[in-house]
Amino acid sequence: MASFVESGWQYLVTHFSDFQLACIGSFLLHESVFFLSGLPFIFLERQGFLSKYKIQTKNNTPAAQGKCITRLLLYHFSVNLPLMLASYPVFRAMGMRSSFPLPSWKEVSAQILFYFIIEDFVFYWGHRILHSKWLYKNVHSVHHEYATPFGLTSEYAHPAEILFLGFATIVGPALTGPHLITLWLWMVLRVLETVEAHCGYHFPWSLSNFLPLYGGADFHDYHHRLLYTKSGNYSSTFVYMDWIFGTDKGYRRLKTLKENGDMKQT
């Protein structure tokens, strides 16, 4: 496996510059992972497949789904890509590299774990601030246009929010100056996590059924169903911040009622 990764990386660094890999390569990787993981949930919703695992019974119209995709492409090319280009000198100054030797798996794992921890902390407070009255009305309400989320709505947001909450994702790598392969792995994991959290389905194989403190779709779907500034469930990947500060009480109360059979799923 190591030799396969090294040979593949050797091809990339031989044929492309550091700038091309870090900027264009990162953008193409993000787009590929995001749309390949998110589009199937549109198909599931339209066809009604696996509907017994759907958290909400409501479906989005094809027009609403199309609007989301169109807006995403606009923002990805007009906000995300320029941001990647502009941040390249910063990451280089902080020590990011694409050259050999590749980092060990221990180093990669330690950095990824650090990124998750710091991203959860920064995202929680940033997200909670966005639910203040003025910011929710003028910025964050765009993301909440979809009360019944599907995978691609994970990145449907106001440009100001993209920049604001995007800081939570890049602050960890900016602090450590990782190898580009570590940054790519972090980006892939983060994209898959946020798509899953917005997918609208809670499957028997969902990570939240096996991984302690992992939020997942059921946790975040509750946040979207309540169109209020105090909806709670502000966490990103892991939910310990909501538990510590008591902002998941409504969700936990609802979950207890469901488990006791006192109410039906809506």
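Cβ coordinates come from backbone N, Cα and C, glycine included.
For 113-247, the entry in Swiss-Prot reads domain 'Fatty acid hydroxylase', with the evidence type sequence analysis. Residues annotated as motif 'Histidine box-1' in Swiss-Prot: 127-131. Residues annotated as motif 'Histidine box-2' in Swiss-Prot, with similarity to another entry given as evidence: 140-144. For 219-225, the entry in Swiss-Prot reads motif 'Histidine box-3', with the evidence type similarity to another entry. For 24-44, 71-91, 107-127, 162-182, the entry in Swiss-Prot reads transmembrane segment, with the evidence type sequence analysis.
Sequence-distant contacts of the transmembrane segment (162-182) (same chain, six or more residues past either end, CB-CB distance under 8 Å): 5, 9, 18, 21-22, 26, 75, 79-80, 83, 87, 90-91, 94-98, 102-103, 107-108, 111-112, 114-115, 118-119, 122-123, 126-127, 130, 139, 155, 190, 236.
Outside the motif 'Histidine box-2' (140-144) by six or more residues, the chain places 130-131, 153, 156-158, 161, 224, 227 with a CB less than 8 A from a CB of the stretch. The motif 'Histidine box-1' (127-131) scores a mean pLDDT of 96 in the predicted structure.
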